[in-house]
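Enquirer: This structure is in structure tokens; I'll ask about it shortly.
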Amino acid sequence: MFSVNRLFQVWGLFQLAAFAVASDGFVKVDFDVYQGLNLSAALSSYSQISRRDGSYDVSLVNERLFYVSKLQIGTPESEVSVLIDTGSSDLWVMSTKNPQCQDNGGSIDCEKYGTYNESASSTFHDNKTDFSIQYVDQSYAKGTWGTDTISLNEALKLENASFAVADDSDSDVGVFGIGFKGLESNPEQYSNLPITMKEQGFIKKIAYSLYLTSAESESGSILFGAIDHAKYDGELAVIDISKINGDYGYLQIPLTSVSVDVKSNVDSQPSDNTVPSTGSSLRSFNNSGAQPIEANNSQALLDSGTTLTYLPDSLVQQVLEQADKNASYSPSAGGYIVSCTLRQPDNSMTFRFNDEKDIKVPFSDLVMQSGQDPNTGKAICLLGLLPSQDVILGDNFLRSSYTVFNLDDKTISLAQLKQTNDEDIEVIN
């Protein structure tokens, strides 16, 4: 995925449970959420993190707010964990031969997410085709393409599945890309894992539904091949995916506008790298009646591999003008410091798509408390909207949207997410 990689990439630690359900025509993955690293700790460890370019019994781990699935590959099986990414399309895993792994004298702890020994697998077939990919943060992976048996659980075993083995990478974890063929790094297109799941009869359409609950919640799910109608309010709006130069590439749809709704008090003091504590003076601020901020149907990428949301700088500035005029940019944090009172429950932003569907996102998901100023003891909060040339809606948006990606029909369906344990699952035919 082409997303800008920033310091905010780490905020919280999600660990997904190994509970899942297999059924005819779909694969459901349930995951648990655990809070971990706060943003202050994340900032100091950013240099270690790379931006990377779901249900039979699949175990997922969401760490640093990205989603990790455990796979078993080869004969005998090797267990590896890979990042699930709607913004890319290839599966690649780390080889035991990577010289940058600690076991080979390097500095990377490759065992944290597991490695794969292609030489030890009797079912691995080397395609004799070079693999190479580089990400925006300059991290890279190089190796070879091949096929092997890949299991997402005991019931879902894909035969002769295509993937790449990286025998040289400065990353510590591989990628499970589930996007369009057009994003594959191989010049010759092939059947990636979602396509292979359909071809081998596990799902009926190349489609999946994403259900991310709030950062404070302890559950969520991904469905390959199905929709859970209990997980949203209202109707799903079906929007055609936008083409890029006549072809389908990224999973993006038109963003018409954004609206800011701030009803609560906001701190009166300038947010110059600190935010006043609860007892400080407040001014009454209400922007009701403010006009929507036009996004001119900019193409918005919905990306599970990105933690935060990126908008053109002009939109970010207009959001700040309506939400917190005293916000200040912090070069050290790489983002805007805003009033923590924006996190109050009646403050929100609304994203309008294709001039037909609104998704309301609470500022509690868009503003992150990063700790306290060591000198003043006052809270520090950072805005999870960052300026970029591209419109990328990451996890802090997706936690408010029940999103169905249908790659066969070339559509993305959206509805306001509903937090519930109820289920009403329908296979996508």
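Just so it is clear, glycine is given a Cβ too, placed from its N, Cα and C backbone atoms.
Below, the features straight out of TrEMBL:
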ACT_SITE  ASP85  active site
ACT_SITE  ASP303  active site
COMPBIAS  269-289  compositional bias 'Polar residues'
DISULFID  CYS340-CYS381  disulfide bond
DOMAIN    67-415  domain 'Peptidase A1'
REGION    265-289  region 'Disordered'
SIGNAL    1-22  signal peptide
Enquirer: Let me know the most crowded of the active-site residues, choosing from ASP85, ASP303 and counting other Cβ atoms within 10 Å.
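Expert: Result of the Cβ crowding comparison: ASP303.
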Enquirer: According to DSSP, collapsed to three classes, what secondary structure does ASP303 (active site) have?
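Expert: Reduced to three states, the DSSP call for ASP303 (active site) is coil.
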Enquirer: If you count other CB atoms within 10 A of each CB, which of CYS340, CYS381 wins among these disulfide-bonded residues?
Expert: CYS381
Enquirer: Which ones, of the recorded positions ASP85, CYS340, CYS381, have a Cα no more than 10 Å from the Cα of ASP303 (active site)?
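Expert: Qualifying among ASP85, CYS340, CYS381: ASP85.
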Enquirer: Whole-number answer please: how many Å between the C-alpha atoms of CYS381 (disulfide bond) and ASP85 (active site)?
Expert: 27
